Amino acid sequence: MIVNIQCAIFLFIAVKLEKVSVLSGRTAELPCDITPPTLDSLYLVLWYKNNSDFPIYNYRQQEIQRDNQMLLLQQQQQHGQESSAGGIHFEFDSHPALLLLSNVGDPDEGDYRCRVDFGRSPTRNVLVQLTVVVPPQKIRIIEDNRQVSSVIGPYDEGDQLSLNCIVTGGRPRPEVSWWLNDKLVDHTYMATSENVVQNILVIPQLERHHLHAILRCQASNYFGVHNNTSPFAHTIVSSVQLDLNLRPLWVLINGAEKPLSVGKSYTFECITGGSRPSVNVRWYLHSIQQPSKERVTMDGSNTTSILNLMPTAKDHDAELICLAVNPVLPVGNASIGNNGTISSVETRRRLIVHFPPTAELELGRNLKPDLIVEGNDVYFECRVSSNPLVQRFVWTHEGQTIRENAAAGVIIVEQSLVIRRVSRSHSGRYSCTAVNTEGSGVSNTVQLRVMFQPVCRPGQKILYGVAKHETVVVQCQTDAIPPAHSHRWAFNTSLSDVVELQDNQMFQTTSPTEADGTSVISFSPQSDRDYGSVICWARNVIGEQREPCVYRIFLGVRPDPPSNCSVLNQTAEAVEVWCRPGFDGGHPQLFQFEIFDTQSAVLLYNKSGRYPHLRVGNLESGIKLFIQVSAFNQRGRSPLVPLEAYTIKIADKQTGKKPIRRT
């Protein structure tokens with residue numbers, strides 16, 4: 001109960017004005033100073049309410065003489081009209097004296113007057129204004145037209161929060177305020193009706209420090225002031241606790257700081273924190289998500305993701321991205337969401353990958369591959385992708401390593417190969433190999449095609465034996481790039497000059513120039529004068545060959561005997577014979593092998609074939625053999641070549657003897 005004392009004039013009699021506030025249902029203490037002036041005594045105390053002429057309470061005090069003693073007689077009386085439902089009691093011994101109204105309610109509110117009569121002094125009047133304070137009846141926190149309590153949310157970091165605190169009842173009108181963790185944040189309230197007061201709290205942007213914060217709405221009745229003390233209040237409250245979704249604050253990548261090597265496996269850790277709830281961690285390389293494993297700390301504040309990566313050459317200088325995404329915030333790749341919340345953070349690591357070279361060989365860009373002619377200069381470029389840099393290059397031609405030889409026109413400058421004044425021998429497949437500390441890489445092959453005039457093909461038949469009136473086919477075989485497209489033939493004898501050949505009885509072109517540059521003619525000598533040399537010149541787009549091909553036409557003879565015959569690989573049951581063919585006499589030749597048992601002179605084996613080589617098996621062991629080798633053609637047989645041989649005895653075989661006889 002609060003007492004407020006003031007001075008006023010009441011019916012031209014000195015009146016003390018006091019204000020008293022009390023909560024409904026409690027006891028009101030109405031003060032009245034009944035202390036008599038000096039040399040005077042109290043006679044009568046009367047209490048009136050409002051403008052009533054009838055007191056609600058009286059108190060009388062008088063002195064009487066009994067047994068030679070002065071006694072004080074006190075008389076109290078409570079009147080029923082306009083009295084408190086809880087009863088009235090007057091405490092005259094207190095200072096000041098108090099009229100106690102118990103269990104006060106709305107009917108007890110009003111103006112009370114205390115009249116004090118003394119024996120000789122003037123009457124004293126005290127006016128007391130009693131205010132019955134009614135506390136608020138109900139307090140509610142409303143969000144989006146629904147009542148909330150306890151924990152509310154979760155809200156997204158950056159969201160705007162709007163809560164309405166509605167208070168019903170209370171007299172005098174309660175003050176409604178908002179408190180954040182016991183700190184006053186909003187004291188602006190308004191009455192929406194006689195009995196309702198509200199305060200709308202708006203937090204424009206929820207921040208990280210709002211997580212688990214307590215928001216308290218407080219409704220208070222403030223009443224009375226006494227002796228400059230703070231006002232008393234009756235307060236009711238309603239509280240909520242905030243739950244928030246928080247974006248991740250930081251992210252970092254650990255592991256594999258040094259250059260990586262292709263083909264090896266490396267482990268990276270992406271550690272992120274500050275998110276609520278825990279983030280989803282995603283790894284990206286070349287914009288492709290990589291598989292990973294995650295683990296979350298016990299308090300849920302940090303998340304670690306493990307990535308096992310086996311880099312490739314294409315990963316060099318690429319960015320490895322770790323993206324931490326809050327799964328409940330608006331989706332965005334580290335971008336501002338619709339409500340202004342950044343839902344993710346990322347970090348990047350630029351990879352340094354060491355890998356063996358990859359090489360690509362190209363013919364010089366200014367060269368036309370189909371128009372390279374003998375005498376031109378040619379160069380190759382070996383284009384390389386490598387980290388670290390290439391230490392050396394190796395060049396090959398048809399699988400053989402090329403050595404630099406400036407005198408021969410072969411120059412190697414790092415990744416370039418230069419060949420000055422190329423010849424047909426430079427034709428073929430070229431490749432380059434690049435080497436660094438990680439390994440080596442072999443390029444593709446490039447075919448160099450050097451065009452040149454026709455030349456006689458080595459190893460072709462140049463001796464033709466033919467009888468008179470017989471026909472022999474002569475082939476003019478040349479090598480050229482591109483192949484020869486035409487030929488010119490001539491004939492020369494010791495008795496005549498060189499004569500251009502025309503189709504006649506002796507010479508006949510039997511087929512045009514073939515795709516490989518071969519020209520064929522038929523030759524039929526009619527007399528001894530028709531023997532001599534046939535000459536052929538071939539021509540291609542480069543020109544006519546400088547040195548013609550010369551074929552000797554002579555009267556055919558029997559072949560020469562085989563030479564350098566040897567018996568090889570003698571076993572207990574087989575022998576093998578090798579010979580070198582002799583001159584074929586100008587005609588195709590065959591070779592005959594005859595094998596006899598020396599002791600019995602029995603022919604054991606007889607065989608002819610195109611090649612001077614024979615292996616005979618299933619022979620009796622330990623026998624001596626006589627072998628005759630000869631060559632024959634349509635003109636006859638060569639002289640015989642005798643050989644001696646024998647099969648190894650079983651005992652000899654066991655001792656490892658392998659006799660060989662050459663004749």
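Placed from the backbone N, Cα and C atoms, the Cβ positions cover glycine too.
As recorded in TrEMBL, the features of this protein are as follows:
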type: DOMAIN; residues: 1-131; note: domain 'Ig-like'
type: DOMAIN; residues: 136-238; note: domain 'Ig-like'
type: DOMAIN; residues: 248-343; note: domain 'Ig-like'
type: DOMAIN; residues: 356-449; note: domain 'Ig-like'
type: DOMAIN; residues: 458-540; note: domain 'Ig-like'
type: DOMAIN; residues: 561-653; note: domain 'Fibronectin type-III'
type: SIGNAL; residues: 1-22; note: signal peptide
| Per Cβ pairs under 8 Å, the stretch of 248-343, 356-449, 458-540 packing most closely against the domain 'Fibronectin type-III' (561-653) | 458-540
| query | In the domain 'Ig-like' (136-238), how many residues does DSSP assign to helix, to strand and to coil? | reply | 3 helix, 63 strand, 37 coil
| remark: Taking every residue in the domain 'Ig-like' (136-238), the average pLDDT works out to 90
